[in-house]
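Chemist: The structure is given below, and queries will be raised subsequently.
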There are 2 protein chains.
Amino acid sequence: MDKIVVFGHKSPDTDTITSAIVYAYLKNAIGVEAEAVALGEVNNETKFALDKFGFEAPRIIESVANEAKKVILVDHNEKQQSADGIDEVQVMEVIDHHRIANFETADPLYYRAEPVGCTATIINKIFKEKGVEIPSSIAGLMLSAIVSDTLLFKSPTCTEEDVVAARELEKIAGVDVEEYGLAMLKAGADLSDKSLEDLLTLDAKEFGMGDYKVIIAQVNAVDVNDVMDRQAELEELITREIQEKELDLFFFVVTDILNNDSVALALGKLALKAESAFNVKFDNNIALLKGVVSRKKQVVPALTEALTN
Amino acid sequence: MDKIVVFGHKSPDTDTITSAIVYAYLKNAIGVEAEAVALGEVNNETKFALDKFGFEAPRIIESVANEAKKVILVDHNEKQQSADGIDEVQVMEVIDHHRIANFETADPLYYRAEPVGCTATIINKIFKEKGVEIPSSIAGLMLSAIVSDTLLFKSPTCTEEDVVAARELEKIAGVDVEEYGLAMLKAGADLSDKSLEDLLTLDAKEFGMGDYKVIIAQVNAVDVNDVMDRQAELEELITREIQEKELDLFFFVVTDILNNDSVALALGKLALKAESAFNVKFDNNIALLKGVVSRKKQVVPALTEALTN
């Protein structure tokens, strides 16, 4: 029980999984016993990165209270995105690049958040600050996280610091970031083994916007038509979800990783608000959102503005 | 309005005031326009430090909304300790060494908290990370903050990192930390120009403990009898405060900066709980608390435990 467990958010993505592994490695390197765990199955993109650099997916935990007394959070801080039982353990550290909300501690802690595109970019700095050498395989994981979170530097969330970190890590990992990165993104966008239910839940986040309840789900695809060809079935599933969860809006975003655009499907009684949010006409509930790839920086702010004004 | 304002908490102490000045200096040195401001008058201890190293007290602001659109918080994060109007501005950064609570942002930010004794210890690291040289006078302010927050390294809140930082800063500032530090603490413990009302409010913080409302006020003194000789008058003022604010406990702590003990005066309907909290007998409402100097690390946890169990 003295061991510290390190984990990212629910519905884990590549940054969350690899940052947990990498940060646990760093803690072990400086003499602190730590284990990376996950709050769910890894996705295809993350699996590609783990396989490439020779790592297993972290053990999945259900609730944290039986696992450890002390924990480190990476890539998130909001309670509803974290492990069940989080209130029963002590958060020793947080390494994150999101806003801070629904987070509170009883004691002082190490909290390191920076407004960059990826948690791995921050951890790369901490390696240097602690004087710990980054092995090639660990560099590969961090590079994968940056590629994933910035869509190969194309997302508006990408900062100069992310690019610089990726260039450093590319050398250590001994891969070509453009070539490897595109292969990894394509692996993540391979939806052939996914059910439609999977597509709607794999990376779905719920938001309160004013008094409204909104779910925004996002998937990456090489060909958005692979997904949108099944619109009728998708709408049936989404409509059921809206009823069950009493949602005001379900916004489903399929992001084209080659052209860096997204196609959105909007359902629910506030679906029309999406038109003013993005200044486009939705035809048969669907619209192309030119240049939109980031939920955090583009979709959430635009919908929040439209729904709360 | 493009300028960023930097400030610490209400009822400012030496760490809060000097960290605002020092961090604004650091931002200016890296090309970001920033101004240190204060949320109240500086105390005698802080004035001693500012005079010694040639600084003026920062301009006092009433509310932050008319001052700037963007702010940096040092030495605090909790909303009730921060500037009025804090919800109307964007918090760009927080540099702090306290727990996180009642804090929330809409956007990602730079948040740097570490569980050390003093904000200045963290800022000392950031100077190095940014490659900015620390001038002698700025080092003097940072050293003053560490001396103040750690009571010259005697407080249980003091960490090895605080001591190391102080030794570095002592050299740059060109002072003897023991000699200068004691003179500064004594200046702060000079209560001759203070009314009894001042003593009860200068450094008073309100806490919710379970369902109870508690105020813990603390002053430093060279001779605790200077304060406690006027117990009858103090009790009259405290009793009035308890009635007006409907407090369950008013706990007044006078800390002996030479012997590193405190004498406490406990009033209110839960005053007896202080006996179990500190395992001492209160005689005529007063007890000596051997080795107790830190409100954060010793008084608050002990009272919280006693009042909520």
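Please read every residue number as a count from 1 along the shown chain.
Including glycine, each Cβ sits where the backbone N, Cα and C put it.
What you are looking at is a predicted structure, and each value in this text was computed from that prediction instead of being measured.
If you look up TrEMBL, you'll see A:His9, A:Asp13, A:Asp75 marked as Mn(2+) 1 binding site. For A:Asp15, A:Asp75, A:His97, A:Asp149, the entry in TrEMBL reads Mn(2+) 2 binding site. Annotation source TrEMBL lists domain 'DHHA2' at A:181-307.
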Chemist: Using Cβ atoms and a cut-off of under 8 Å, determine which of the binding-site residues A:Asp13, A:Asp75, A:His97, A:Asp149 neighbour chain B, and list them by sequence position, or give 'none'.
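Modeler: Near chain B, the qualifying binding-site residues are A:His97.
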Chemist: Among the binding-site residues A:His9, A:His97, point out the residue whose Cβ has the most other Cβ atoms within 10 Å, with all shown protein chains included in the count.
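Modeler: Its Cβ has the most other Cβ atoms within 10 Å: A:His97.
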Chemist: Go ahead and report the DSSP secondary structure tallies for the domain 'DHHA2' (A:181-307): helix first, then strand, then coil.
Modeler: 54 helix, 36 strand, 37 coil
Chemist: Around the C-beta of A:Asp15 (Mn(2+) 2 binding site), how many further C-beta atoms are within 10 angstroms, looking at every protein chain?
Modeler: 30
Chemist: Rank the binding-site residues A:Asp13, A:Asp75, A:Asp149 by how many other Cβ atoms lie within 10 Å of each Cβ and give me the one with the fewest.
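Modeler: Among the binding-site residues A:Asp13, A:Asp75, A:Asp149, the lowest count of other Cβ atoms within 10 Å belongs to A:Asp13.
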Chemist: Summarise the model confidence on the domain 'DHHA2' (A:181-307) as a single mean pLDDT, whole number.
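Modeler: Per the prediction, mean pLDDT sits at 94 for the domain 'DHHA2' (A:181-307).
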Chemist: Given the Mn(2+) 2 site residues A:Asp15, A:Asp75, A:His97, A:Asp149, which other residues of that chain have a Cβ within 8 Å of the mean position of their Cβ atoms, reported in sequence order?
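Modeler: Nearby residues not in the site list: A:Asp13, A:Thr16, A:Ser19, A:Asp96, A:His98, A:Gly117, A:Cys118, A:Thr119, A:Ala120, A:Ala145.
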Chemist: Could you round the CA separation between A:Asp149 (Mn(2+) 2 binding site) and A:Asp13 (Mn(2+) 1 binding site) to a whole angstrom and send it over?
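Modeler: That comes out at 9 Å between the alpha carbons.
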Chemist: Determine, to the nearest whole angstrom, how far the Cα atom of A:His97 (Mn(2+) 2 binding site) is from the Cα atom of A:His9 (Mn(2+) 1 binding site).
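Modeler: A:His9 (Mn(2+) 1 binding site) has its Cα 12 Å from the Cα of A:His97 (Mn(2+) 2 binding site).
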Chemist: What three-state class does DSSP give A:His97 (Mn(2+) 2 binding site)?
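Modeler: A:His97 (Mn(2+) 2 binding site) sits in coil per DSSP, no helix or strand.
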Chemist: Return only the integer: C-alpha distance in Å from A:Asp75 (Mn(2+) 1 binding site) to A:Asp15 (Mn(2+) 2 binding site).
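Modeler: For A:Asp75 (Mn(2+) 1 binding site) versus A:Asp15 (Mn(2+) 2 binding site), the Cα atoms are 7 Å apart.
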